[in-house]
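S.K.: Shown below is the structure under consideration.
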Amino acid sequence: MFQLPVNNLGSLRKARKTVKKILSDIGLEYCKEHIEDFKQFEPNDFYLKNTTWEDVGLWDPSLTKNQDYRTKPFCCSACPFSSKFFSAYKSHFRNVHSEDFENRILLNCPYCTFNADKKTLETHIKIFHAPNSSAPSSSLSTFKDKNKNDGLKPKQADNVEQAVYYCKKCTYRDPLYEIVRKHIYREHFQHVAAPYIAKAGEKSLNGAVSLGTNAREECNIHCKRCLFMPKSYEALVQHVIEDHERIGYQVTAMIGHTNVVVPRAKPLMLIAPKPQDKKGMGLPPRISSLASGNVRSLPSQQMVNRLSIPKPNLNSTGVNMMSNVHLQQNNYGVKSVGQSYGVGQSVRLGLGGNAPVSIPQQSQSVKQLLPSGNGRSFGLGAEQRPPAAARYSLQTANTSLPPGQVKSPSVSQSQASRVLGQSSSKPPPAATGPPPSNHCATQKWKICTICNELFPENVYSVHFEKEHKAEKVPAVANYIMKIHNFTSKCLYCNRYLPTDTLLNHMLIHGLSCPYCRSTFNDVEKMAAHMRMVHIDEEMGPKTDSTLSFDLTLQQGSHTNIHLLVTTYNLRDAPAESVAYHAQNNAPVPPKPQPKVQEKADVPVKSSPQAAVPYKKDVGKTLCPLCFSILKGPISDALAHHLRERHQVIQTVHPVEKKLTYKCIHCLGVYTSNMTASTITLHLVHCRGVGKTQNGQDKTNAPSRLNQSPGLAPVKRTYEQMEFPLLKKRKLEEDADSPSCFEEKPEEPVVLALDPKGHEDDSYEARKSFLTKYFNKQPYPTRREIEKLAASLWLWKSDIASHFSNKRKKCVRDCEKYKPGVLLGFNMKELNKVKHEMDFDAEWLFENHDEKDSRVNASKTVDKKHNLGKEDDSFSDSFEHLEEESNGSGSPFDPVFEVEPKIPSDNLEEPVPKVIPEGALESEKLDQKEEEEEEEEEDGSKYETIHLTEEPAKLMHDASDSEVDQDDVVEWKDGASPSESGPGSQQISDFEDNTCEMKPGTWSDESSQSEDARSSKPAAKKKATVQDDTEQLKWKNSSYGKVEGFWSKDQSQWENASENAERLPNPQIEWQNSTIDSEDGEQFDSMTDGVADPMHGSLTGVKLSSQQA
């Protein structure tokens, strides 16, 4: 026997140990007392030595280990296995102990919680649940009163809890786990098994086998894949699910276990008659002779509970009390059968209410029990009954039998189970299908959850449709996406929901009416709305995305509602409506003939008038990825948002067969459990992003057709920029930068360097490419960074940090090494710009108008034409002398103004007059003072500058030998003369090309002071006092003119003039006196090199003047 689990095992085992000890002591004491009495029966030592435990019993306690107490309800008696679930217990038995599966497996008692094997369960039912046949049947009045009191009004004490298994998809219940599982195979997995099912003789449309097929047809089906031939349709479905589809866990998940209250079994009112009595049943003889009168039957509750023993494996042991039951044709409408049945065979006799009962036959035959003389059968229940009737089986009181139902005595055996099939206008195939004669061993029973009645399976559907017909209520939930029969996904919450909690979750968001789009959070209110407003509306066809719920509302009386919720349909989206197809249909008046209406409803889905595209349904929807609220046409807005914002389109996963998304760049399919972060991660490495945007105009792409200015660009944009990049851009833009940061996102990104071919390089190689890109473009835009990241397979943050670090390093280098820009300021342009730079007095520049420059031009002529190629170094040396004097750079290029040649009266050698434009200021000084000073100096200048042809030739020779002189001259400041070559080369380079400036701190700061202006006249007066022709040469040449523009201290110019008289090379002293010592040692050699060609040319000039 099966023992139920026990709680508080600790305390029980302590007491059990004590009890066992006491019992063992008592037994030992009893043995000691009676050992002398049994000595005469004791065998000799030979038998004791040659006897083992196997001779005494089959179980040897020394060979086994004491097993722990198993608390789980389903324990295997052959091994230590135990389980909480019957499915696991049964699978264990099938796999481990399959040799005696049918006889040893535990079965559930349909009336109580007792479990045992088959044989023990039959004995249990016979002893404890067999109806008592000692009920009085003396008179019909007593029988009626008892029926009234006991049957129609059951007492509370008559109810008992019954453990049953139930199907979670519908209201099917059965005490046996196997029956419920077969029901699920047959009812809910036809679509799974349909592709595998094939018939031997013919091919069905979808492979499904009707429920009403007989045993011969069921034996003809087989599996297409492995040619497995099962015994029944359920066996084939089970084979497909477990062997091919491997989704047996879904079947297990659909089976639940609960306790229901059922009426306790009462004594059977049918009394077995004496053998000589042929009319039986204890009723008066006059009842059997009624032709067209009123027939009173037993109460349905009593009859079903006495005659229905839902054990398909009970043959004769459990129902011996029914062996001698005789049924008469006129009482119950059982039609005659045209053949005899032997002993042990059974026949299904149709009772009132379409509840056939399997009754094993004994020696009597059916012909003997059902004589053909009574040629009238009564089809009970032929009248239409009100829907509020609580009982269906055997309710035939005061029912007149129409004469059209009189049948001939010779009818086929297949009609025996269809006595009451005419009660419904259109019975389903389960009620009309002829069952096989030997089908009693697999008869399935179901308990009606509303009236707690137990019916055979083929009767249950008819009973439920007739007595408890559910009210169909359509609803729409576009935010629910049906994954499969057990799981759905809420697109609002982006979470997966099981079937048991799905309805409650949908009521939180609300269910919409498919006709008027009203939203309800209560099923009862929605049903009332459908009854009041849309009572004549026709429902659309049921699709694969429809979820069905069978509900019972407690509103005084039971109200059954069959809720049909249409969810997001992937096949119809977005072209067709993903909501209900009939949401915008015009009301179709109901037709009187339901068959014609069904044929008219077939083309509803394909007709363009009925199926309104869902994109025309304007409203609000929610993006399942970023939960943004979208307005406008729902399908268009969602598809457009997914393409533009997330760069995906909806599709079906080719393997998972679930809704997922596909990248619009590389057409890669995401998995069904992806999120928005998955898309972001993919776009970083997606190679199709760069290919799609590399120089192509995407205005003609489909994604650009309906783009509005408010929508984001194709690339997923981020509102914030990387912080180091953003700060640097702001700092640079606050300074005067002509470039603008704003850019049009529609324009294609043009990169400074093409990253193609570098995506497969190493990490260091890609970083070196970024360094090269930094040298070209140190300030990339956000879209450039995104494109570089996509092309080089790098993170955008890595690229931004790389550029930021490079910029910081440049700034640090400028601060540490104090570099100077070799080209001087263009002061004329610089004075036009508002700046905060402060210049010292020695770097003060004066601004001369064009009139003064023309006057000065008359005094000087260009020397380049006469000096030839050697004068290039001369001008270069002057250019770099200006840079030395400035000592710092500027982001402006120098512009040198060369005055045109002016012929003079005397034959003179043209002397260059170079006026640097950078030396001109916007502010004008006192021009009168300048004019007076120039007039005073004109006479002496024109007189002393006359040069002959011979000095000119000497100047050419001196220019040609300037390099040789540089090597011979000993420099006083210790500078290496060998640096003159590179210096001159550098001069030419800077003359031809513009300088690349580095952003950094300027090494020297200057200010414009009045002291510099006051020192200029003194310097000029000192220069005019000098009578030396060399000094006059300085004043009239371009280098002497520098004195007028570059205002030096007076002492410096005095030292320069004295050195010119004393030393053979006065230009060296002049150069040393003008070198800026603040420029740093790193620029000394460069300055010396720059000055070499200048001194060579100056030497030539001085020689010519001295020889003259």
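Cβ coordinates come from backbone N, Cα and C, glycine included.
Got these off Swiss-Prot a minute ago, pasting:
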DNA_BIND  753-813  DNA-binding region
COMPBIAS  143-154  compositional bias 'Basic and acidic residues'
COMPBIAS  851-880  compositional bias 'Basic and acidic residues'
COMPBIAS  939-959  compositional bias 'Basic and acidic residues'
CROSSLNK  K144  SUMO2 cross-link
CROSSLNK  K203  SUMO2 cross-link
CROSSLNK  K231  SUMO2 cross-link
CROSSLNK  K278  SUMO2 cross-link
CROSSLNK  K426  SUMO2 cross-link
CROSSLNK  K631  SUMO2 cross-link
CROSSLNK  K698  SUMO2 cross-link
CROSSLNK  K730  SUMO2 cross-link
CROSSLNK  K806  SUMO2 cross-link
CROSSLNK  K913  SUMO2 cross-link
CROSSLNK  K941  SUMO2 cross-link
CROSSLNK  K1048  SUMO2 cross-link
MOD_RES   S98  phosphoserine
MOD_RES   S412  phosphoserine
MOD_RES   S607  phosphoserine
MOD_RES   S708  phosphoserine
MOD_RES   S737  phosphoserine
MOD_RES   S804  phosphoserine
MOD_RES   S875  phosphoserine
MOD_RES   S877  phosphoserine
MOD_RES   S904  phosphoserine
MOD_RES   S959  phosphoserine
MOD_RES   S961  phosphoserine
MOD_RES   S1077  phosphoserine
REGION    1-685  region 'Binds to beta-catenin/CTNNB1'
S.K.: Give the mean pLDDT for the DNA-binding region (753-813) on the 0 to 100 scale.
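M.R.: Here the predicted model's pLDDT, averaged over the DNA-binding region (753-813), is 91.
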S.K.: Between K806 (SUMO2 cross-link) and S98 (phosphoserine), how many Å separate their Cα atoms?
M.R.: 76
S.K.: When the number of other CB atoms within 10 A of each residue's CB is tallied over all shown chains, which of the recorded sites K231, K806 has the maximum?
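M.R.: Of K231, K806, the one with the most crowded Cβ is K806.
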S.K.: Determine the minimum-neighbour residue: among S98, S804, listed as modified residues, which Cβ has the fewest other Cβ atoms within 10 angstroms?
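M.R.: Each of the modified residues S98, S804 was scored by Cβ atoms within 10 Å; lowest is S98.
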S.K.: What is the separation, in Å, between the Cα atoms of S804 (phosphoserine) and K231 (SUMO2 cross-link)?
M.R.: 77
S.K.: In whole Å, how far is S98 (phosphoserine) from K231 (SUMO2 cross-link) when you measure between their Cα atoms?
M.R.: 18
S.K.: For the DNA-binding region (753-813), how many residues does DSSP put in helix, in strand and in coil?
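M.R.: Its residues fall into 43 helix, 0 strand, 18 coil.
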S.K.: Can you see whether DSSP assigns K231 (SUMO2 cross-link) to helix, strand or coil?
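M.R.: For K231 (SUMO2 cross-link) - judged by DSSP and reduced to three states - the answer is coil.
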S.K.: Three states by DSSP: which one describes S98 (phosphoserine)?
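M.R.: SS state of S98 (phosphoserine) = helix.
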